[in-house]
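A.B. asks: Following this message is one structure expressed as C-alpha cells.
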C-alpha cells in the first residue's frame, strides 16, 4: 500500500491501556495545509465486492475519517417503508409490531433516483418520492393434505409470510422507469409473520427516502467502521516452543515461523489485537504491539441497495455539501 | 406384621459391612449428571406439587373423612328422624348456565367470563320422611372451587396439544384457583407445629407448652414453674392449677405414683416436693377433691347451656375434651394424659437446670406449613357443620308443625351456603373458622401475572403468621435449618423481610399419611405399649420413649435398632416415603412423624461410604427406563424432613463422603428457589444483590404463558422480542424460563459516557431501539356489565351520535361501531367512548307506581383515559354467572424505550435510561460492534456483583461459539474455559476490547469490558408516572388543587418547603404558592364585630357600615364557618396594612 516509507505515528497497546508515543505530539499541532494534506492522504482499496468494501485511508485526522464513518451510518439516504396502511390483519401479530417489521425490510430501490418527501407533499406522495407496495396474503388449509401429515408446509398454504410476498404497485410512470427487481426487497426470505388458516394480511406499504439519523431502517449500511492498522514488532528473537505459543496468541497468519523455528511478523494487518501475549510472562517483553494512528482501515458493509463504494462516495458528497453550506454560511456573514 | 420376602431380613441391610479394604482406598468417582435426577423429580412432583397434592388429598380423602365424622343429623323433635350422609364426591368442573343447564367448563372460560372454576360437591344420603326411610343419591350440597391441575381438573393428564385446545399454557404450573374470573393463590402458611411440646423461657418463667389440634378442638396447654412449684395453665381455667391437683384429677392419686411418673431420683424428688406439699396444703387428696378444686377455677362461660352439670363434672369434661385434646382417652382412663403431663413437667424441670434444653421456636423442625388443602378442609368442615346445624334447627322447628306434606329435609338443603362460603373465602382471603375462633386475613392473594416467574414465585411463597410490626430478629433471620428447604435469597425487603419466604427448588411439603400402619410397624419392631408399663421404667436412662405425631406410642430399650428398622422399612416401601423417624438424644425420645405440612427434600442414600445411586442408574434414567419413583422404591433416594435431616450426616458432594456419611446431596444449587435460580453465578455475588434480583425478576416483562394472547387481564406487560438468556442456569431450564423469557441480551460496554450515566443510569443505542430492543406491549382492559333490573328495565347500549350540523359522528363517538361498542383495531384517544352504555334512572321496583312505559335513561359511558392513545385489540361479549351481559375490551399500547424507563440486569442492578444516543455517537470496537447499552463502571465496586462480570464474559464466549453457557449456582462454566474460548476466537481473554470513540473517532485510552448481558425491562415506565400541572381540577370541599396523578393533581409545596421559603424571607412567594395559586377567596369581614359578613352586610351588626373585603384561603374561611357552627366565634381584627 504505502510505497514510500514514512514515519508512522504509533499508539502502543500495553497490557492494560493504550499509550501514545511519547515522541508523537499528535496531529493537533499541525497547521492545516492543503498541499501537505494532499501529499499525505493516500487511499487504497483492498477489497470491493457485493457485501463489503475494505479500503485504507492513510494520513488524515481522526475527525475526517470519523466524519465519513458517521455520514455513512446516518446521513446517506436510503429507501424504507415508512407508512403501513392496514386494511386487514387477522394474524396474531399486532398492527404496530407488524408495521415496525415492515419498516425494517431492506429495499432494493436506489435512493438516488428519488426525492425526499417534504412538509408540503401530499399524503399520497408522487412518483418521484414514493414507492408503493402491497402485501396480500391469506392462509388456507391445503385440501390435498392428508390427515397424518404433521409438517405445517404440507398442511397449510401461505402459513409463512416472507418479504418475497411483497408486491410493488407502480405509481404513475414508475412502471416504465423501474423494473420489479429494481425496487423489491433485497432478500426474499425474510420471515415477516406466521399465519394459520383464516388469518389474512392485507396491507399497503409506502416507502420513502430517509436518513439513518431519523431511524436506523434508513441507514444504507449494515455497519461502516474503521480500525487502525495494527503493527507488531518483535523485540527479540522468539524460537522453539515459545514461537508457536506466540503464533497462537495472534490471529492466524499474523505470525510466521521460519525454518529455524524462529517467529517473525508475517502480516499484522489482520490481527484482531487480542493482546493475549501479555498472558504469558515469557512472551510479555518479546513484542511491542502498536497501531498506526493515522492509518484507517475502513470496512463498509452495505445493506444491499447501494454498492458499498457508492455509499462511501455518497458520504463524501454529503460532506462536501455540508462544507459548502458551512462556507456559504460564513461568507454570508 | 409386614411380610418379608424370602432372603430379606430386617437386620441384613443394617449390619455395617466394611467390605474389601481395597475398595476403601479408591476415591469415589463423582456421579456424572447427577442433576438429571432433578428434572425427573420435577416431572413427578412439579414446582407446585405441594399445593396440588394437598388439594388432591382434600378432595379425595379428607372430605370423605369430614363427612363421615359429621355424618348424622338428628332432631330433638322426632327421635325417629335422622339424616345420614353415606358418601360424598367432588365432581368434574362445570358451569351453571341457568335454567338447570350445566356444561363442562375450562379454566380459561372462567377467567374470561368472570366465573368460578368449580365442581359440584354431591352426597348420597339416607333420611326419614315421616316413617319412611329414603335414600337419595347425588344430591348437590355446594360447589367446590377447583385448583387448576388437581385430580379433578380438566387439565390434568392432558398433552400439550390438548391443553392448547383448551386455551391453556402447558407450562402454567396450576395450583391456583379461578374465582369470579380472578386467579387466586392460597399462600402457604407457616405455623408453629401443633401437638408438640415446646420448652421455653417466657419472661424468666420456664414453661412447656403444647398446642393441641384435633378436628374438633384447638387449645393450648402450658406447664410452668413458679416459685419452685409446678402449675398447669389453660385458658379455660381462671387460675394456674397446681400440677399435683391435675395428676390427682387425672386419677393418679397417690404421691408415690405421681413421683413414679415424674422420676424417683433424688434430684427430682427434691424439686417436686414443694408441689406435692402445695396440693397437701390445699387439702386435695382424692380425684373428686381435685376435680372440685378445678371446678372452682373454671372460666364462667357466657352462654351457659341448660345442662345441669356440677362444676366437678365440667372439669372432668374439660380434662377429657379440651386439655391436651390430642392425647387419646378411652373410657375415662386418663393414664395417657397423666403420662403426657408428667413428661411436660420433666421437660420443665430439665430445662430449669440446663438452659440448652430450651426449644427453638424458629427451628424449622418445629414448624408446619399449612397448604390450600388443609385450609379449605377447615373451611369446608365449618360450613358443613353449619349446614347440618341449620338442617337440625329447621327439623326441630318444622317437624312438630302439622302440614299436608310431610317434612322432607331434602327440600331444605341449600347448596348456596357452602358455595358462597368457599367462594367468598377464597376471593377475599378472610379465613374465619368459628369453631376454632380463628380469624385470618390475607390468606389468599391474586396471582401476579406480571411475568411467568412472578407467577411461579408466588406459588412457592410461604407466609408466616407473625406480626409484621414487631421488631424481633429471631423469626426474620436465616435459620440454619432452612438449608435446602427455603431459599436463602428470596425474601422481600422492608417490613415483611424474613417473614415471607420461598420454597427451594426441591422442597416438598408432606401430606398426611395414615398413622395406624406405622404404629403397627413400630410395635412389631419392638416398641412396648406405654400403658402396659408403670411409671418407673419411663424414667430409666436406657429407655427411649417413642412418639408418633406428638403422642406417646410406647418405649423401647434398643432405640438404635428401632430407628434403623423403621428407616429400613421406609426404604423398602413398606411405609410412606414421607414418614420421618428421628432420635432426640437429649430428650431420650424417638419421634415418628406422619403428619402433613412438614418440609422435606430428597437425598441420595450413602452406605459404606458409597452412594447407592450408581452411574448405571443415571444412565437408565436418561434412557427413560427408570423414573424418579423407581429411585425411591429401590431405596436409592429418600426424603428427609428437617428433623431427620438434623439426625443425618449429609455430604454435599462425593468428595466429602467420609465415614459415617449417611446421605449425599443431589445437587447443591437446589438450595435456591425459583427466583434466585435465574441469577447466573449467584455464588459470586454479594448476597443482598441476589435478594434484590429476586424482587426485580417479578417485575420484569416478557412472556407470561403460551396463552397470553387469549387472556384479557386487567394489566399485562409483554416484550415484543423476548430472548432466552445467553448465560443460562440449570434452574432456568427446569423452570422453563428459557421458553417464557423476560428480557433481552444486550451488548453492554462497561464505560463512562457523557455524564448522563451517573447514579446507575444507562445509555441506550438509538439504532438498537429502532430495531426493536426493549419494545413492549402494554395491555389493559376495561369491562362493563349490561344488567336487567327488577322493574323490567334494563341497561342499553346506544349507537354513535351524529353531529346535527355536519352529519358527522361526534369525536367522542368516533371509534364506536354501529352497535355502540368500540371496533377492534381502532386507535382510541383520550376521553373517547368505548361503550356507549345507558342506564335506566329508576331501577328499583316501586309497587305504588306500577309500570311506566317510558323510562328516562342516563348515560353511563365507558370512556378511555390516558395521555397516549391505545388500540383496541379485542372485544369480548359474553355472559357472567349472574346472567348479565359482560363486555370486556382489551386495549393495547406499544411502547418504545424512552428516557426514564427502568432496566435491570439479573444481579440486582437496576437503572433508568439516562440518554439515548445515535448509533454513530456510540463507541465501537475493532470488529465494528457498537454496544446496545453503556453501563457506568461505578456500579461494580460497591455492589460487588462479580456474577455480572462473569455473565458478560460467558455471554460473549457463548455468542462467538454459538452456544449457551451455564452460570448455575455452585457450578457453571469455569472462567478459564470461557477465556480459552474467547482467545480461540481472537478476543482478549479478559473480555476487554479496543474501542474507538464514536464522537471524536479516536481510540479510547482504556480497553472496554464489553459483551452481552441479559437485561430485563421492568414495569416501571415514565409514561405511567409522568405528571405535571399548570392548572387543573380543584377539590369541591376545600377548593384546593386535587391530589395525585390520577386526578391530575398539583404538586404540593409542603411544610418543609414552606420552612425554606420562610427562612429565606420570600413571604410574597409563600402568599402566592399557598393562597393565590391555590384557594384564594374573597370574603367580607365586619370590622366592628370581626365576624364574616355576607354580600357586604354584617348579619350580626345588621349593618354594612364597616364591612371590608379581604382575600383569604377558602380552607380558612371554611374553618371559621365550622367553628361557628360549633359555637366558637372566631373574630378577625383588621388593621391597615
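Glycine residues also receive a Cβ, built from the backbone N, Cα and C atoms like all the rest.
According to TrEMBL, the domain 'RNA polymerase beta subunit protrusion' annotation covers B:46-419. Marked as domain 'RNA polymerase Rpb2' by TrEMBL: B:187-370, B:445-509, B:546-607, B:628-660, B:1049-1134. According to TrEMBL, the feature domain 'DNA-directed RNA polymerase subunit 2 hybrid-binding' maps to B:675-1047.
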A.B. asks: For the domain 'RNA polymerase Rpb2' (B:445-509) and the domain 'RNA polymerase Rpb2' (B:1049-1134), check the count of CB pairs under 8 Å (sequence separation 6 or more) and say whether it reaches 3 or more.
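C.D. replies: They do not touch: fewer than three Cβ pairs between the two stretches lie under 8 Å.
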A.B. asks: Quickly jot the same-chain residues contacting the domain 'RNA polymerase Rpb2' (B:628-660) by Cβ under 8 Å, restricted to those at least six beyond its ends, or write none.
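C.D. replies: Answer is 27-31, 37, 40-41, 43-45, 363-365, 367, 481, 484-485, 508, 510, 570-573, 577-578, 580-583, 591, 593, 598-606, 609-613, 617, 621, 666, 668.
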A.B. asks: Using DSSP, tally how many residues of the domain 'RNA polymerase Rpb2' (B:546-607) sit in helix, strand and coil.
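C.D. replies: Per DSSP, the residues of the domain 'RNA polymerase Rpb2' (B:546-607) fall into 13 helix, 28 strand, 21 coil.
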A.B. asks: Mind looking up the mean pLDDT for the domain 'RNA polymerase Rpb2' (B:445-509) in the predicted model?
C.D. replies: 87
A.B. asks: Where DSSP helix means H, G or I and strand means E or B, what are the helix, strand and coil counts for the domain 'RNA polymerase Rpb2' (B:1049-1134)?
C.D. replies: 32 helix, 20 strand, 34 coil
